[in-house]
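Comments concern the structure below.
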Amino acid sequence: MDQKQIEEIVRSVMASMGQDVPQPVAPSTQEGAKPQCAAPTVTESCALDLGSAEAKAWIGVENPHRADVLTELRRSTAARVCTGRAGPRPRTQALLRFLADHSRSKDTVLKEVPEEWGKAQGLLEVRSEISDKNLYLTRPDMGRRLSPEAIDALKSQCVMNPDVQVVVSDGLSTDAITANYEEILPPLLAGLKQAGLNVGTPFFVRYGRVKIEDQIGEILGAKVVILLVGERPGLGQSESLSCYAVYSPRVATTVEADRTCISNIHQGGTPPVEAAAVIVDLAKRMLEQKASGINMTR
């Protein structure tokens, strides 16, 4: 699927939902233009906030032959370029920023979704067989199964036999869920309903792994299960969300190749609203073809 197809899907889904169709971006931000970022700086300072835009735009190459080229390169990407060297080693500020980003990623994995968050969103909360974060990180197999209490809650409080069941889970990034939820779930649910699909009761699974959607789909009798789960964070990027969609999942027979994945959903990747439109189109095609993953025809 190329960019033009994605844009057409977004326009058609947003229009059917009665929302404003995204307008073409201004020339300054069209393809070929340089992304906006803080002005590059070459000053090394221990007082600089290592998570700030200024620190990310820092240029560590001393006495460059073509400073304008480095400035242009630094403005064009969020990658770790132009950091310079001190002999064979990285500059102090480059190393400190690397360590800070690594620490931020570890914090994201270890953080918990606040208990009040699910209540504030009006979501039913269930959990896997996992009881705490340490067990979640060391026993991924238990994160693939619902607790007995969760199974009872789904059977008593959720719509049975829906066309599409949407599930939200913290996964390995709490920030991915809390930062993107309001921009992806409401338009996703609205788009699915606008498409005439029977949508199940959305709910939140604490300590869930991707394969838990197989058990959920089997219990609820869902034709399509869509799992929105936090991705393992990268350095300096802790808000990336993934969508795993599967048709008619079964615990015993569904394999990873049966899933269709849309990853890198965040403001610096695929915008959540755009991802919602693409997921709606994906769910419709899954129901039409009665397939997902590698079994779908393009």
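Note that Cβ sites are derived from N, Cα and C of the backbone, with glycine treated the same way.
Worth saying up front: this structure is predicted, and the values here are computed from it rather than measured.
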Listed co-binder of adenosylcob(III)alamin (same site as GLU231, CYS261, source Swiss-Prot) among VAL210, VAL273, VAL278, VAL280:
VAL210
Which of VAL210, CYS261, all binding-site residues, has a Cβ with the fewest other Cβ atoms inside 10 Å:
CYS261
What is the set of residues, excluding VAL210, GLU231, CYS261, whose C-beta falls within 8 angstroms of the centroid of the C-beta atoms at the adenosylcob(III)alamin site?
GLY171, LEU227, VAL229, SER242, CYS243, TYR244, SER263
Let's check the environment of GLU231 (adenosylcob(III)alamin binding site): how many other CB atoms sit within 10 Å of its CB?
20
